[in-house]
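According to TrEMBL, the protein has these features:
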TRANSMEM  20-41  transmembrane segment
TRANSMEM  94-118  transmembrane segment
TRANSMEM  130-151  transmembrane segment
TRANSMEM  163-182  transmembrane segment
TRANSMEM  188-209  transmembrane segment
TRANSMEM  230-247  transmembrane segment
TRANSMEM  267-290  transmembrane segment
TRANSMEM  311-330  transmembrane segment
TRANSMEM  336-357  transmembrane segment
TRANSMEM  402-422  transmembrane segment
TRANSMEM  434-454  transmembrane segment
TRANSMEM  466-485  transmembrane segment
Amino acid sequence: MDASRTTMDAPYYSFLKGAPLNAASIAYAKVVSFVAGIIVARMIGATQYGMFNIARTVLESCSIVSPLGLDLALQRHLGSAPERLSIRLGQLTFLRLLTFGLAIIPPALVAAGLGSYVEQSIYRYPDFANVLFVMLIALPFATDIAVLGGAYRGVLNPTPFMLAHYVVQPTIRLILMGLLFVLGFRLWAIVVATCAAYVISWVVLASVARKDLAGSGTSHRWDWADVRSVLLYSPSLCASVVFVVWIRSADSLFLGYSGSARDVGQYAAILMIAQLIGLVGEALGQTLGPRVALCYRNNDFAAMETLLAENIRRMTLVSAPIFAAILFWGDRMDLVLGPTFAVDTSVVALVAARIFVQTILGYSGFALSMTGWHVRETIILGCGFLLSVLACWVLVPLFGQLGAALASFATMAMINLVRYTVVLRMFRIRIIGMPVATATAVAVATAGMVWLLSKPIDDRTLLFTVFEAAVFLALFSGAAWRFLITDQDRDIISNLFRLLRGSVGRGK
């Protein structure tokens with residue numbers, strides 16, 4: 001495969017391949033979660049929202065560890081030997097039972113008294129033990145969903161997993177939450193709806209998997225050495241993901257320990273708003289990993305540099321305006337969520353900056369993890385986790401929300417700076433160019449100009465805030481189309497609109 005094919009065709013055709021279902025599913029889940037988050041925050045206030053967020057963070061952290069890395073290892077285990085696919089699918093039942101059984105342990109421990117200890121000694125919130133227990137009931141089901149997701153990716157058919165996890169689950173959660181709100185429940189409406197959504201989406205996915213992932217052979221005919229091999233290397237494949245999740249959760253967990261539930265609720269709301277920065281950008285990297293691996297296999301470092309640099313540039317183009325809008329108007333979220341969510345502008349700015357860096361540079365890790373240097377990526381993330389814990393331990397008790405935001409931003413900046421340096425020295429490629437800095441500067445400068453010019457007449461209402469943001473987005477779009485977008489970008493946009501019009505026409 002020549003370089004032109006890798007660098008030119010791949011970005012076009014992988015990006016324009018319809019509307020990739022995984023990207024659409026992720027975007028749908030983010031939008032639904034954002035809407036649900038606004039409803040929840042308005043209904044229960046900052047204090048109870050903070051309690052729920054801590055319990056949810058514990059569930060998400062446990063659900064990363066409990067699959068034992070099989071959500072990643074099964075992709076390699078099933079995809080590396082097509083001739084043994086049926087036999088290895090037969091091993092899936094044992095692996096699922098193993099992880100499901102292990103995932104029962106945390107909720108059992110909470111029910112046996114660990115939850116009461118946590119409530120009395122760490123997170124001193126009324127009824128927190130019961131909230132944590134009900135949330136952790138979902139852990140075995142979340143674990144099996146992750147394992148099945150790895151298996152579906154391993155057989156190159158991720159569609160059932162994407163639909164169950166990113167479409168069915170958030171939809172069910174929103175519907176159940178609304179019904180329970182109508183019946184008069186508040187905090188428990190969210191807790192029960194979240195747990196039930198995991199269970200229902202698991203039922204859907206497990207039912208489909210019985211047919212899709214049916215294997216052959218009985219337990220006495222299994223190659224147990226083969227089973228042991230996947231269990232031996234799966235934890236190392238999961239280590240990087242575990243570190244990433246813990247790095248992202250450390251600020252909220254330390255804030256929950258040192259601060260009040262109200263502080264955590266406000267901070268969680270800031271994170272919810274800031275997640276919009278990656279709404280479109282994250283979808284652009286869904287097929288980047290295999291393309292980087294292909295370039296590395298072909299020893300085509302120029303093509304690898306182009307792929308990574310172009311991905312970061314395009315993610316910056318779509319993420320920078322959202323980042324700039326949140327930077328200048330994000331502290332007005334109390335106009336939507338209510339007066340209990342009045343927050344410090346500096347906290348919003350630091351959280352938004354962290355999510356922006358995380359969004360545009362997160363996929364640069366493929367330069368190591370997809371080229372056989374995944375151990376170095378794990379070491380970088382492990383050091384980042386230690387830095388995050390140390391920074392949060394020092395800063396959060398002193399500065400509260402500001403300390404949590406500062407610690408998380410410093411950690412994310414350090415990780416990406418070190419990774420960039422390692423990639424530059426190893427492969428002699430530069431994945432961050434001037435277009436990234438230019439797009440970011442134009443977005444921030446344009447938003448700042450609109451904010452300053454509007455300040456004399458700004459009455460800090462929701463309607464005027466929407467007007468200011470709309471003016472900024474219109475100005476940035478015009479500047480980007482004229483000065484920041486390449487001819488190739490314009491062709492991609494034109495083709496996407498052409499495909500969209502064709503789909504609408506066929507629908508009629």
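From the backbone N, Cα and C atoms, a Cβ is placed for every residue, glycine too.
A TrEMBL annotation is a machine prediction, not a hand-curated record.
In this chain, the transmembrane segment (20-41) lies in contact with the transmembrane segment (336-357); the count of Cβ pairs under 8 Å, excluding pairs fewer than 6 apart in sequence, is at least 3. Where the transmembrane segment (188-209) meets the stretches 20-41, 94-118, 130-151, 163-182, 311-330, the count of C-beta pairs under 8 angstroms peaks at 163-182. Away from its own ends, the transmembrane segment (311-330) comes close to residues 270, 273-274, 276-281, 284-285, 288, 348-349, 352-353, 355-356, 359-361, 363-364, 431-433, 435-436, 439-440, 442-444, 446-448, 450-451, 465, 468-469, 472-473, 476-477, 480, 484-485, 489 of its chain (Cβ-Cβ under 8 Å, at least six residues beyond either end). The largest share of C-beta pairs under 8 angstroms with the transmembrane segment (163-182) comes from 20-41, of the ranges 20-41, 130-151, 466-485.
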